[in-house]
Amino acid sequence: MPELPEVEVTRQGITPYLVDQTVVDLVVRNASLRWPVPELAKQIIGQTIRQVRRRAKYLLIDTDAGTSIVHLGMSGSLRILPHDTPVEKHDHIDLVLANGRILRFNDPRRFGAWLWCQLPDEAHPLLEKLGPEPLTDAFNVNQLAAALAGKKKAIKLCLMDNHIVVGVGNIYANEALFAAGIHPEAEAGKIDIERLTVLVAEVKQILAHAIKQGGTTLKDFTNAEGKPGYFAQKLHVYGRGGETCTLCGNLLSETRLGQRTTVFCSICQPR
Ligand SMILES: [Zn+2]
């Protein structure tokens, strides 16, 4: 599943081909995504794309008339292709540009979304309650400590809660807690400020590194062969239950927390 780094790398990859381009057509072959794709053609054809932003895992393609809100879901991908590229299975939407290229949305499992928003997008129901972006200064130890105050929930569940901070999916929650030496089931409200400071720094560092790495491994958004795969990263705990800890050699423990696989080292991450 694309996580925040993959979505950010997608944004960086497609932006140069979209900005300042006029939309000449919108082809929707299958509107049955996670939510029905609205009738957009009237609003979007003739508009010029101003910028491509990201909020959490949503890509926001701005025009003067409104914003396309795109989510890759479980299996979605976006590519920039020549307009006459043959259509393949699961190619649900093409945004056709004046420069002869298309932005093509492919999504085998159809948990992705393509919506439209004329409001200021911060007011859109999908976006308005989101917490701060992890890579901005709005996510900091004071904000996190305030958000966790009095919370008895496990820290890992809080870290994956979009109201507290966005874009920290299961992989990165596992990795950041390992890097910070915090047990994933530790009671969120009882973690001291020193350890939260380390946790904030690790979340930022791990996501920034993943984006940087993705920029080198997933740079080709203009290739019709092979859809962009989501990049494999060097992980210390995620997917390594029962293997040895990279720091101490202890066997990593695996449990379920909020229905998500949780891997940790009981020595390096004491309760
Ligand atoms: Zn260890």
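Positions of Cβ are set from backbone N, Cα and C atoms, glycine also.
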Report the candidate from Arg79, Arg101, Arg109 that shares the DNA site with His90, Lys151, as recorded in TrEMBL.
Arg109
Please compare the recorded positions Lys57, His90, Arg109, Lys151, Arg260 by how many other CB atoms fall within 10 Å of each one's CB, and tell me which has the fewest.
Arg109
Spatially closest candidate among Pro2, Glu3, Lys57, Arg260, the listed active-site residues, to His90 (DNA binding site) (Cα to Cα):
Pro2
Cβ packing number for Glu3 (active site, proton donor), 10 Å threshold:
21
Reported mean pLDDT - the domain 'FPG-type' (236-270):
96
